[in-house]
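Asker: Before I ask anything, here is the structure I am working with.
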Amino acid sequence: MSTLVQNLVTENVSVVEGDTAIISCRVKNNDDSVIQLLNPNRQTIYFRDMRPLKDSRFQLVNFSDNELRVSLSNVSLSDEGRYVCQLYTDPPQEAYANITVLVPPGNPLIEARDQILQEGNQTEMTCTAMSSKPAATIRWMKGDKELPGKPRVELTYDKMYTVTSRLTFTVGREDDGVPVICIVDHPAVKDFQAQKYLEVQYKPEVKITVEFPQGLTREGENLELTCLSKGKPQPQRVSWVKVDDDMPPHAVIIGADLYIENLNKSYNGTYRCTASNSVGESFDDYVLYVYDSRAGEGAARAMDHAVIGGVVAVVVFAMLCLLIVLGRYFARHKGTYFTHEAKGADDAADADTAIINAEGGHTNSEEKKEYYI
């Protein structure tokens, strides 16, 4: 008769500091052998369902022939170690459960070397995750793009880990208002992060728009240009000049707008709008070319004449086609008429009879038929 082998099992436990750990000693095929749980110092915590150790943080969760399950509340770092599940057999069996206590880091601290940046400059940020166990890892995100940092890990006197990551990068105007996020990864916490928004100053962007006229600039007309500028800080100064020449006498500048009345060809040239702020200045150019007062009209008239000529050609072609069709129709029916007229002359004995038959052949034929009947 064979005897079933008793098998004692348990598992390692990871628990966050201050939480509750569950230690389970299980036996397969138990033959009423005693199960007990020992602490790392091999002191008996539970013997069957009795607790010799005077530590009320240990509580019995379940006891049966096949399991001894114990909870340990308010876990601290001093509770770490190897716990022993023991089964009184001959020889005794032991299984080991290691309790690992996780200590989450404090709130991440993010610091920036520069509070206000200018486009094209390099800046540096640091993020620190203090007093954790095990050591945390730090990732950096600028907007939706991940950036590489340089981490440094320190082991403190209380056997905790402090991690500092340093990030260096160059900013552009597109980074203004974008968050830089420090993300701390640790088995004891999720979504642990800190962020700082970038403030980037940049020189103006300048663009000239034509408010009037919408088409060609002709002699005698007026011209209105607007200089649009955007920068950080917002440009406070906008100026207009005519490159390599003086402004026309009729030019009026009001803020960012340039007005020129009664255009003539002497006003031709390049007009430049310049906007500046504390970072720098930028400009945009508009090239003015004044056309004759009737410029563009000839082309429009030629186009009208071409359209009219095309319509006339289509109408004439349609009429010709109609005449051809009608001519062929009448020609076909006229031939048929002559054919019917000649039927009476084909059978005549002489010319006089043929003429008589041709003139009234059908009537005479009917009369002959009546006379015969």
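Using N, Cα and C of the backbone, Cβ positions are placed for all residues, glycine too.
Fair warning: this is a prediction, and the values are worked out from it, not measured in the lab.
Features from TrEMBL:
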DOMAIN    1-100  domain 'Ig-like'
DOMAIN    104-199  domain 'Ig-like'
DOMAIN    204-284  domain 'Ig-like'
TRANSMEM  306-326  transmembrane segment
Asker: Under DSSP, the domain 'Ig-like' (204-284) has how many residues in helix, strand and coil?
Answerer: 3 helix, 46 strand, 32 coil
Asker: Could you count the residues of the domain 'Ig-like' (104-199) that DSSP puts in helix, in strand and in coil?
Answerer: 3 helix, 60 strand, 33 coil
Asker: Sort the residues of the domain 'Ig-like' (1-100) into helix, strand and coil with DSSP and give the three counts.
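Answerer: DSSP composition of the domain 'Ig-like' (1-100): 3 helix, 51 strand, 46 coil.
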